[in-house]
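Asker: Annotations per TrEMBL:
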DOMAIN    A:83-279  domain 'ABC transmembrane type-1'
DOMAIN    A:365-559  domain 'ABC transmembrane type-1'
TRANSMEM  A:36-56  transmembrane segment
TRANSMEM  A:88-109  transmembrane segment
TRANSMEM  A:121-141  transmembrane segment
TRANSMEM  A:153-178  transmembrane segment
TRANSMEM  A:199-221  transmembrane segment
TRANSMEM  A:259-282  transmembrane segment
TRANSMEM  A:311-329  transmembrane segment
TRANSMEM  A:368-389  transmembrane segment
TRANSMEM  A:401-422  transmembrane segment
TRANSMEM  A:434-452  transmembrane segment
TRANSMEM  A:486-508  transmembrane segment
TRANSMEM  A:543-566  transmembrane segment
Amino acid sequence: MTGNSFNDETLDRYKSLNTKKKSSEWFSLLFKNKNLYLSLLIILIVFVIPVIRLFLMSFQANDSFSFENYTNILSEKYTWTVIKNTCLIVVGSTVISLIVGVSLAWIMAYTNIRLKKLMQVFILLPFIIPSYIVTIAWTQFVGNIKAFDINLYSMGGIIFVLGISHYPLVYLFTVNVLKKIPRELEWAVRASGGGQLKAFWHVTVPLALPGIVGGGMIAFLSNLDNFGIPAFLGIPSNITILSTAIYQEVIGFGENAFSRAATFSVLLAVFALFATGIQWFLLRKSKVTETAAADNSPRFYLCKSRPFVEFSIWLFIVGVSIVPLLSMLKTSLLKVYGLSFTLENITLHNFNYLLYDYDKVATALLNSLKLAGLTTLICLIIGTLVAYFRIRKPSFLTKALEVSISIPYTLPGMVLALAMIFTWMQPIPGWNPGIYGSIWILLIAYVTRFMILQVRGSSSAFTQISVDLEEAAHISGASTWSKWRYILLPLILPSVLSGSILVLLTTLTELTISSLLWSSGSETIGVIIFNFEQAGYTTYSTAFSVITLLFMGILAALVYGIIYIWQRSVRAS
Amino acid sequence: MKTELIEIKKQFGTFQALKGINLTIEDGEFVAIVGPSGCGKTTLLRLLAGFETPSDGQILMQQEIVASKTNALPPEKRNIGLVFQSFALWPHMKVKEQVMFPLKHHRFVRPELKKNSEARVTEMLNIVGLSHLADRMPSELSGGQKQRVAIARALSASPSLLLMDEPLSSLDAKLRVELRNEIQLIHQKIKTSIVYVTHDQSEALAMADKIVVMKDGLIEQIGTPEEIYFYPQTEFVASFISKANLIEGSWNGDYFSPSTSPSTRWYYPNVADSFKQSGVCPVRPEQLQLSKDSDGLCGEVKNLLFQGREVSCIVNVNGKEIHFITGIHNSLKIGDHVTLNVTNL
């Protein structure tokens, strides 16, 4: 018996017992090591190469390598104004987000105020509504306040709108951490002779810090990344920050425009990476009590002050989230911008015109829907597979994969958009397949940017499923395909799809990347609203914003409906 | 089905989990693999199941090689069942669907079982006594019920080999004893081979036809429960399985003299040669008795643990703790000086 040949022979014989080749064989092929590593490599290249190309481009002037771009740009006074604006705006708005987010989180997590669930929905609203629509709403709202003369087209205005657009991020991070701090720890301080205030400072604050820092950093990155708000408010008032500077370089088509834009992008990317680095440094030691369950019951009982606190919160939430939207709706119904809101001035003409006469609107809605749908589908499949390997086969390769997929999302959108141009204009130097200038560049860019959202959503789904459940399926004779079909998919689908909703709604109303990559015929919702706003068609931009919000609502309802029906049918069968 | 493991080795990075395992599981045999955590028993089970590939050696099932260094048949292509410590019930399936799943998917299911799969599910649920809970979801079951479902699921496709990975260790003490009995009754009924992994030596002694004691990736001893308990071959088996005191001293034929009292002579037949060579006598707690004369192991009572049927007693003999068991009517007190001698049970 010569060891191996005998082995293989018997193995083959054993296998040939099962000659029923299923159509699903390809599926298990995917999980064979070689194919796996190859596909992982491809994914790595798609996500990392653009950043490298952008970086190289910033060192290119007059078709040769040089530091010229950097020396030129850094010696311009304009650049330093831009950097100063960026710092002021980003830091200012982050402070607003932190103050609002943390206070709301503490009240919502620990006190006995009523209707928390409903409050939470309204608190999260500015996070779901695209920031440029929030901006339009606020400009209309401020215009309606006759008592004060507030100018949103200013540094303060930009800081304010950014701050209230991103406080939900801080809120979300902090409220979860706060709820997970075991109340026994606070009791232990009280039992050891410390008062409420001591318990707060020595237990609550240090333990909540990871959440606060994490939320603050996400808000910081979002403020840095945001293009809609500084573009809508800053461009008319000549306040330029890094993301709008890149945009203006590219559409300005000046000499060395792309290289200069690339250099600004590297500066912006450095800001973002710096913030990410600080976040990592601050959080590296904190072990958030991951396993602790959230404790939803109140810890502080407000008595007389409860109605007052509740009233203040509602006033704030409604004032920040709802009233501006109503102002926007009001404007969208006006015959001519600037008229007073009386019955004879009200019309549905704007909606009529957008939906039936101005064919770019229908095209944009359709484009955005197609792009969002395709992006969601691609991310759903690839992202879920990546998440599976990341969770089930942790190795250096899968870790590197996750990091490289997260890079395009960590980088500001404007930076990624530019990187996309460099990469896909000529994927192989000298060969231009015409991707740039078509709708496909948008699809590729969306997939590259938002893949990580799905990976994270699906990862959390897989961590909740023990490996035993999969092994039990194999032991029971299930093939890889049957295991996914009957065991994994039914279990992961609800949480995977909530990741998909995030991808769907984000791509549907994306503006930053689209503003740089759109071309005639491939306009998206964001681009059309941006163009209306730039051209001064306020009634149209408000009307289209209203249409977009309705559209988002319908889509979200549809997807949640599917999840609901699926869960019911899984339970019924 | 006869299963053979030949020189099985398994390496994880630099850690060698199994260092050459040779073992045969006969058709219909109940084999318990017992050892402390980290001894490689779970790795061995996962190799049998097909979740791991051996680094060296072969696994044969029915004279066919199912795993070798170069190739391993995946679990779904082996004729086996597995019961997990964590139950591993699929949270979205009813009890009867869990039991039905292998009947639908396993390639070794006999045609007559497949044809009457509904009846088979009922039969299996009857065997584990859960037919009234067929429509429950896993979340609506207690721990013991969950593990019964898992056993029914593992057996429904009538596998030739049933693997059990510490199936009782996540249950409470009373349920453990109850299910121990049930698993043995099921084995008597269905007569399939069982490999049962546990760290609890009393479970292994109570249930198995054959016990495999493992330590550090190697088999220490294979034998029937009686052989392992009464005639341990190594110090490890003596202390791990029979909870024996390892008393140092010198051997003279079948006679042993403890080093603390050289004048004492205990008649101790049938002890393994390894003990004679190292000058150690494995004395189980129930073999020691209080004696009136001064000859024997002398020490001071350190602690008494009342157990109901007996009193477990710890005596300090020259700085070494000696365990022995005495009747509840003995009026021993902590601090008493006692003399112990081996009685030939």
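Our numbering is plain: 1 for the first residue shown, then up by one each step along the chain.
Cβ coordinates are placed from backbone N, Cα and C, and glycine is handled just like the others.
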Asker: What residues in the same chain, six or more past the boundaries of the transmembrane segment (A:311-329), come closer than 8 Å to it by Cβ-Cβ distance?
Answerer: 104, 107, 113, 119, 122-123, 125-126, 129, 133-134, 136-138, 140-141, 143-144, 164, 542, 545-546, 549
Asker: Which sequence-distant residues neighbour the transmembrane segment (A:486-508)? Criterion: at least 6 residues beyond either end, Cβ under 8 Å.
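Answerer: Those are 128, 368-369, 371-373, 375-376, 379-380, 383-384, 446, 450, 453-454, 456-458, 460-462, 464-465, 469-470, 473, 478, 525, 551-552, 555-556, 559-560, 562-563, 566-567, 570, in sequence order.
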Asker: So, does the transmembrane segment (A:259-282) come close enough to the transmembrane segment (A:36-56) to give 3+ Cβ pairs below 8 Å, pairs being at least 6 apart in sequence?
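Answerer: As far as Cβ distances go (cut-off 8 Å, pairs 6 or more apart), the transmembrane segment (A:36-56) and the transmembrane segment (A:259-282) touch.
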Asker: What residues in the same chain, six or more past the boundaries of the transmembrane segment (A:199-221), come closer than 8 Å to it by Cβ-Cβ distance?
Answerer: 90-91, 93-94, 97-98, 101-102, 105, 166-167, 169-178, 181, 185-186, 188-190, 272, 275-276, 278-279, 282-283, 286, 288-289, 410, 412
